[in-house]
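All remarks here apply to the structure that follows.
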Amino acid sequence: MEKGLKYDKPSVMKGRTDVNSITNWNAPLVWEGTFDPVVIDSIYKKMDPRIAVIVFAVGKYTRFLKAFIETGEKYFMVDFRVTYYIFTDHEDEVPKVQLAAGRKITILTVPSATRWQDVVLGRMKWATIAIDQQIRSEADYVFMMDIDSTFRYRFGAESLSRLSAVLHRGYYKTPDRANFPYERRPQSQAYIPIDEGDYYYTAAVWGGYLEDMYTLVKYCYEQSKIDEKNNIEAAWQEESHLNKYLLYNKPTKVLSAEYLWCDYDRITEDVKVIRISQIAKNYAEVRPNWN
Ligand SMILES: CC(=O)N[C@H]1[C@@H](OP(=O)(O)OP(=O)(O)OC[C@H]2O[C@@H](n3ccc(=O)[nH]c3=O)[C@H](O)[C@@H]2O)O[C@H](CO)[C@H](O)[C@@H]1O
Ligand SMILES: [Mn+2]
C-alpha cells in the first residue's frame, strides 16, 4: 500500500466480539468492523484489478437491470475497473446508464427459456463459454450475481480473494448442519451426507480469481449435465453444486450475510449494514413457469 496513508491504528485486543470473524480453516469471515476500507482499498488499488460482474437478465428479469447497475455505480468497487457482463435475450431492454470512468457494460446474447430452472442452471453453461472465449483476457476477478438485487452500502475490495462465498442469510445461524438445504439424494452429483457441511452459501453472489471461478462455474455446469443425464435436478440447482464444491474446496474468504440480505427479512442485531438487498418480487409474475 502507499506510504504516508492515514488510518486508525489496528488493535490486537479490540474488534468484533459478537460474531466469529474467522473460519476453522483460518479464512477471514468478513463483517462490518473487521476491516478498514482505507487500508483495504489502498492494498488492492496497487494491483488495480479488472473486475467482471456476470449477471443474467432473461425474459422479464430485464426490469431489474437499471437499479442493479445504478446502485452498483454507487456502491460496488467504487474507483475500481468494473465490467458488467449482461447476458440477456432482450438486448434492446438493457438500459443506458451513465457509468464512472474505467467502467463499462458488455452485452452477450443468450436464448430465451421456458423454465426458470433452465435459466439459473444455464448461467453456468453460458458463463463457462463466455469466460473461455472472452472474459479470460479482460478480467482478473469475476463475480456471479443475481440481477434481482440492489446495492445499498459499500461492497468493496474487502470481498476479493481467490474464492469468496457469501453466507445465505436464511441459514447463517443454523446450529445443526443437518438442517442445511443441501442436496440429500445420493443419486445427484450435488449430494452431501447429513453429517457433513460447514455453512450454507448463496448462489446469488460469489466471486474470486478468474481461473478459480472458471473452474467452479464449469464444475457446476458439468455436474448438472451429469444430473440431467440421470434425470435428476439438484434441490437448489447450481446453488446445490456450489455448496458441494465449497465443502471440499474451502473458500479463501467467507462473506457475512451483509453481502446479500433481502428487502423482506427483518434485520438481525449482528448485521450492521446491508450491502446488497434482494428485491421483493412476485415470482409468478416474473418467472416463465411456476414450479
Ligand atoms: C438468495 C439466493 O440464494 N438466491 C438463489 C435462489 O434465488 P431466487 O429465488 O432469488 O432466484 P431468481 O428468481 O432470482 O433467479 C436467479 C437469477 O437467474 C436469472 N433469471 C432467472 C429466471 C428468469 O426467468 N430469468 C433470469 O434472468 C436472474 O439473474 C435471477 O436473479 O435460487 C436460485 C435457483 O435455485 C439461485 O440459486 C439463486 O442464486
Ligand atoms: Mn434472486
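All positions are counted from 1 along the displayed chain.
The backbone N, Cα and C atoms fix where each Cβ goes, and this holds for glycine too.
Because TrEMBL annotations are produced automatically, they should be read as predictions rather than curated entries.
Quick look at what TrEMBL annotates:
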- Glu239: active site, nucleophile (ACT_SITE)
- Phe56, Ala57, Val58, Tyr61, Asp146, Ile147, Asp148: UDP-N-acetyl-alpha-D-galactosamine binding site (BINDING)
- Asp146, Asp148: Mn(2+) binding site (BINDING)
Number of other Cβ atoms within 10 Å of the Cβ of Val58 (UDP-N-acetyl-alpha-D-galactosamine binding site) across all protein chains: 23
In sequence order, those recorded positions of Val58, Asp146, Asp148, Glu239 whose CB lies under 6 Å from ligand 2: Asp146, Asp148
Whole-number Å value for how far Glu239 (active site, nucleophile) lies from Ile147 (UDP-N-acetyl-alpha-D-galactosamine binding site) (Cα to Cα): 15
Secondary structure of Ala57 (UDP-N-acetyl-alpha-D-galactosamine binding site) (DSSP, helix/strand/coil): strand
Cβ-centroid neighbours of UDP-N-acetyl-alpha-D-galactosamine site Phe56, Ala57, Val58, Tyr61, Asp146, Ile147, Asp148, 8 Å, sequence order: Val55, Thr62, Phe64, Leu65, Val119
